[in-house]
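Student: The structure under discussion is supplied below as structure tokens; questions concerning it will follow.
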Amino acid sequence: MSPDYRLYLVTDERLSDEALCHVVTQAVEGGVTMVQLREKQGKLRRFIQRGQLLKTILAGTEVPLIINDRVDVALAINADGVHLGQSDMPAEMARELLGQDKLLGLTVESMAQLEQAQSLPVDYLGISTVFATPTKTDTCFEWGIAGLELAQSCSRLPLVAIGGIDLANIEQVKATGVAGIALVSAICGAAEPRLAARELLARI
Ligand SMILES: Cc1ncc(COP(=O)(O)OP(=O)(O)O)c(N)n1
Ligand SMILES: Cc1nc(C(=O)O)sc1CCOP(=O)(O)O
Ligand SMILES: [Mg+2]
């Protein structure tokens, strides 16, 4: 069965363990279809522990757990996949280590990268960044809606849009035809993540 990328939660590393579990539990109840654990600053041990916490929460659901950046962490906890950036491990190497059954995502930050990625052994592409966002400020290109439409028309791989997407613009993003929409603050920063996920899903 092909993965369901529709509403893709990327976690906020500023959340405590307790808050992380609360947000992910509620977001899954609200309908998120994929969860990525993103830990940029902390120690490796903590990354693994938080991955194990999320594995427990997601066990018995159909929602895959994706690990940001780190193939070793994904293998150590037997997560469902990895999301790589352009400066992380090359996709071919990651695929070799992960095998064919794990999901592999790759960020693309330009049309040239999007074209190069078409022949890589990846399952989906993260389109970075759709709109400028305070959640991640080291992005180098803003696709906007027109750029997303162009990317969509040039890609054989499913696209996941990310960056600055919320309740106000999610319908416009979805209308470009992308397979999925990834968000951090619209769910992690919501007073009620279950309700937020439900409302976002209803709009797409
Ligand atoms: C679904 C999705 N798309 C893009 C990204 C960004 O990944 P990357 O460029 O590696 O940046 P960091 O998230 O590692 O800061 C993503 N995480 N998820
Ligand atoms: C993790 C991440 N990657 C991005 C990219 O453009 O590559 S933007 C981003 C954070 C998205 O957060 P929010 O939904 O709060 O805007
Ligand atoms: Mg990365």
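Note: Cβ is positioned from N, Cα and C throughout, glycine not excepted.
Predicted automatically and left uncurated, TrEMBL annotations should be read as such.
What you are looking at is a predicted structure, and each value in this text was computed from that prediction instead of being measured.
Summarising the annotation, TrEMBL assigns domain 'Thiamine phosphate synthase/TenI' to 7-187. Annotation comment: TrEMBL describes GLN36, LEU37, ARG38, GLU39, LYS40, ASN68, THR107, LYS136 as 4-amino-2-methyl-5-(diphosphooxymethyl)pyrimidine binding site. The feature Mg(2+) binding site is assigned by TrEMBL to ASP69, ASP88.
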Student: How far apart, in angstrom, are the most distant Cα atoms among the 4-amino-2-methyl-5-(diphosphooxymethyl)pyrimidine-binding residues GLN36, LEU37, ARG38, GLU39, LYS40, ASN68, THR107, LYS136?
Tutor: 16
Student: For ligand 2, which among the binding-site residues GLN36, LEU37, GLU39, LYS40, ASN68 have a CB under 6 Å from it?
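Tutor: Within range of ligand 2: none.
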Student: Of all the binding-site residues given, GLN36, ASN68, THR107, which residue's CB has the most CB neighbours within 10 A?
Tutor: GLN36
Student: For the domain 'Thiamine phosphate synthase/TenI' (7-187), what's the mean pLDDT in this predicted model?
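Tutor: Overall, the domain 'Thiamine phosphate synthase/TenI' (7-187) comes to a mean pLDDT of 97.
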Student: In Å, rounded, how far does the Cα of GLU39 (4-amino-2-methyl-5-(diphosphooxymethyl)pyrimidine binding site) sit from the Cα of ASP69 (Mg(2+) binding site)?
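Tutor: About 9 Å separates the two Cα atoms.
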Student: With every protein chain in view, how many other Cβ atoms are within 10 Å of the Cβ of ARG38 (4-amino-2-methyl-5-(diphosphooxymethyl)pyrimidine binding site)?
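Tutor: Around ARG38 (4-amino-2-methyl-5-(diphosphooxymethyl)pyrimidine binding site), other Cβ atoms within 10 Å: 18.
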Student: Take the C-alpha atoms of THR107 (4-amino-2-methyl-5-(diphosphooxymethyl)pyrimidine binding site) and ASP69 (Mg(2+) binding site) and report the distance between them in angstrom, rounded.
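Tutor: On Cα coordinates alone, these residues lie 10 Å apart.
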